[in-house]
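Features as listed in Swiss-Prot:
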- GLY321, PRO322, ASN323, MET324, GLY325, GLY326, LYS327, THR328: ATP binding site (BINDING)
- 681-756: domain 'Smr' (DOMAIN)
Amino acid sequence: MDYLESLDFPKVVEIVKKYALSDLGRKHLDTLKPTVNPWDELELVEELLNYFARWGEPPIKGLNDISQEVERVKSGSALEPWELLRVSVFLEGCDILKKDFEKREYSRLKETFSRLSSFRDFVEEVNRCIEQDGEISDRASPRLREIRTEKKRLSSEIKRKADDFVRTHSQILQEQMYVYRDGRYLFPVKASMRNAVRGIVHHLSSSGATVFLEPDEFVELNNRVRLLEEEERLEISRILRQLTNILLSRLNDLERNVELIARFDSLYARVKFAREFNGTVVKPSSRIRLVNARHPLIPKERVVPINLELPPNKRGFIITGPNMGGKTVTVKTVGLFTALMMSGFPLPCDEGTELKVFPKIMADIGEEQSIEQSLSTFSSHMKKIVEIVKNADSDSLVILDELGSGTDPVEGAALAVAIIEDLLEKGATIFVTTHLTPVKVFAMNHPLLLNASMEFDPETLSPTYRVLVGVPGGSHAFQIAEKLGLDKRIIENARSRLSREEMELEGLIRSLHEKISLLEEEKRKLQKEREEYMKLREKYEEDYKKLRRMKIEEFDKELRELNDYIRKVKKELDQAIHVAKTGSVDEMREAVKTIEKEKKDLEQKRIEEATEEEIKPGDHVKMEGGTSVGKVVEVKSGTALVDFGFLRLKVPVSKLKKAKKEEKEESSAVSYRPSSFRTEIDIRGMTVEEAEPVVKKFIDDLMMNGISKGYIIHGKGTGKLASGVWEILRKDKRVVSFRFGTPSEGGTGVTVVEVKV
């Protein structure tokens with residue numbers, strides 16, 4: 001029984017096949033089926049997806065389907081010139097692809113396609129022997145060149161003789177011309193003059209008035225031309241056979257290249273699909289969790305993302321809700337995504353999605369049921385369910401749509417509960433949809449099951465297609481009837497006919513839905529506030545770094561000035577020592593006086609500055625020669641600990657002076673004034689050429705403002721603009737690193753860049 005078909009697996013594969021380069025890739029995609037070890041395929045898809053994001057499309061020259069040519073080689077046939085050209089271009093493309101992967105950092109791609117064999121000698125031989133238009137070149141062999149040279153010389157001789165014949169026999173010719181037919185030069189002789197020239201008649205005109213004659217003097221020449229043509233044909237056949245034999249001698253290598261390119265084409269198609277559907281690679285996990293999963297058969301403008309998680313201590317979901325509310329799509333998506341992941345396909349969902357490997361995936365979605373149509377009968381359902389129950393075990397993922405429908409509700413519900421119990425006892429993981437109340441109640445009381453429902457908007461009388469976990473769904477019949485104007489008296493009469501338990505259950509479900517709606521609204525508000533908080537936090541972190549950098553630069557300047565002064569004093573001391581060693585007493589005395597005078601001047605200056613205003617904790621001060629204003633934390637033994645906002649320094653009191661009032665205010669303003677520079681640019685809608693100067697200017701602005709991180713919004717689209725931006729950043733030496741944004745930063749629609757500051 002083909003459960004994959006009921007999950008729309010073949011339809012999704014058909015979508016992916018549209019992105020393949022050739023039939024090689026399309027045939028390979030048809031071979032992909034769920035396996036318990038899909039790691040190799042998934043890792044290759046992931047690496048190629050990363051390759052696309054950073055480098056754009058890999059080189060794909062000439063990677064066409066040459067399966068027919070390979071079969072002809074295997075059968076012993078010599079390939080025609082155009083076939084050899086086609087194979088040569090293919091093999092040249094293999095070489096280019098292999099070399100490209102060898103210089104990249106993707107280990108799985110490099111390892112897999114390192115097995116591509118080089119046919120450089122064959123490619124060179126084909127290029128030497130065959131022209132691009134398919135003609136065999138004179139360079140193909142010395143014998144071929146010799147034959148063609150002789151043939152050309154002989155043809156020239158025949159044409160010269162033919163021109164002479166026309167000129168000297170004009171009276172017997174119907175027209176002053178000759179023709180070349182079947183490798184022979186013939187003359188249109190009047191039938192009445194047939195015997196005027198000895199020769200062979202090859203053709204007669206339809207009117208009988210003209211015979212096409214080959215004069216005896218041309219027979220030998222024409223025979224020699226025909227012989228040369230036959231020799232040329234044989235030599236060309238020999239050359240083609242020789243080229244084909246190169247392929248035949250390396251048939252295993254050739255077939256392996258075809259297989260590897262088929263696999264590459266399949267990977268290429270899957271990556272193009274992922275980029276088109278904003279997909280990601282999901283690797284096998286120990287749990288089931290869908291994050292914004294989007295069914296690929298639903299148009300992008302209509303699809304509602306599915307968010308669903310099966311806790312580790314649960315083994316199944318019972319999903320209820322109104323018809324056409326999205327129940328079937330939800331369970332189908334779980335089964336489909338599991339099958340696709342196990343087959344090596346990327347999935348249209350967000351990061352954080354997790355799926356388990358199930359050796360058995362079984363589903364009952366009804367006969368030929370599609371997402372748009374829900375037609376089934378009880379008997380057809382039951383036939384599939386019987387098969388599923390027989391084969392189910394702990395390795396099984398079971399998808400059952402509208403279990404218990406198509407028959408009496410009471411009996412259907414009882415049967416549904418019994419089937420669910422049996423599947424759980426066998427250890428299967430189950431996803432079941434139903435609208436039967438007893439099944440909802442059963443799920444509420446079973447420790448291994450979770451209820452879920454499809455959200456319904458009572459105001460618009462339509463489903464929202466959002467999954468609500470933890471609460472069963474209602475039919476909403478009374479709400480819909482009341483909204484559409486049915487007499488309240490009739491509605492109350494209908495309610496009174498429900499049992500007390502049914503009324504309590506409906507009331508409980510309605511209350512739970514209302515509470516969940518409120519919680520969802522609160523969750524959205526909190527998420528929005530969190531995003532705003534993260535933006536503010538990042539902004540203030542950038543401001544902090546900028547101000548800290550400014551402070552450090554100021555202190556560096558002051559430190560340089562201090563070092564200059566120390567060097568000056570040291571130089572003068574060195575001079576004094578030199579004088580002491582070599583100079584006269586008068587010179588020594590003069591040097592000592594100079595040093596003592598400078599010492600006294602320096603001490604006096606320090607005393608004046610220190611005594612002018614006593615430095616104490618809490619004072620705002622500046623360093624000698626500096627502009628930064630700091631606050632004194634403590635003073636001990638003539639040294640003050642000064643807080644300059646983002647840096648604390650111990651400074652001699654003699655090197656400090658009190659700051660003026662306006663300097664204090666300015667310092668305060670500078671310390672806490674956030675930058676007004678925007679750390680993001682939006683280049684959506686631009687070409688790569690238009691975006692390049694904008695991106696470079698943005699990097700300039702980041703560095704001028706002392707900001708290390710910025711955001712470039714380019715959108716997702718085809719990925720061409722993103723690839724262009726990455727190429728610009730890769731070449732810019734001011735860029736430290738760049739990456740796609742996290743989901744909260746905008747995902748692959750945003751590039752986060754870090755620059756040197």
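Glycine is treated like the rest: Cβ placed from N, Cα and C.
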Legend entry - Mapped DSSP class for GLY326 (ATP binding site), helix or strand or coil: coil
Inset, instruction - Count up the helix, strand and coil residues in the domain 'Smr' (681-756) according to DSSP, in that order. - result: 35 helix, 19 strand, 22 coil
Inset, instruction - Inside 10 Å of the Cβ of GLY326 (ATP binding site), count up the other Cβ atoms and send me the figure. - result: 24
Inset, instruction - Would you mind giving the whole-number mean pLDDT across the domain 'Smr' (681-756)? - result: 87
Legend entry - Long-range Cβ environment of LYS327 (ATP binding site), under 8 Å and at least 6 residues apart: ILE319, THR320, GLY321, ASP401, GLU402, THR433, MET454
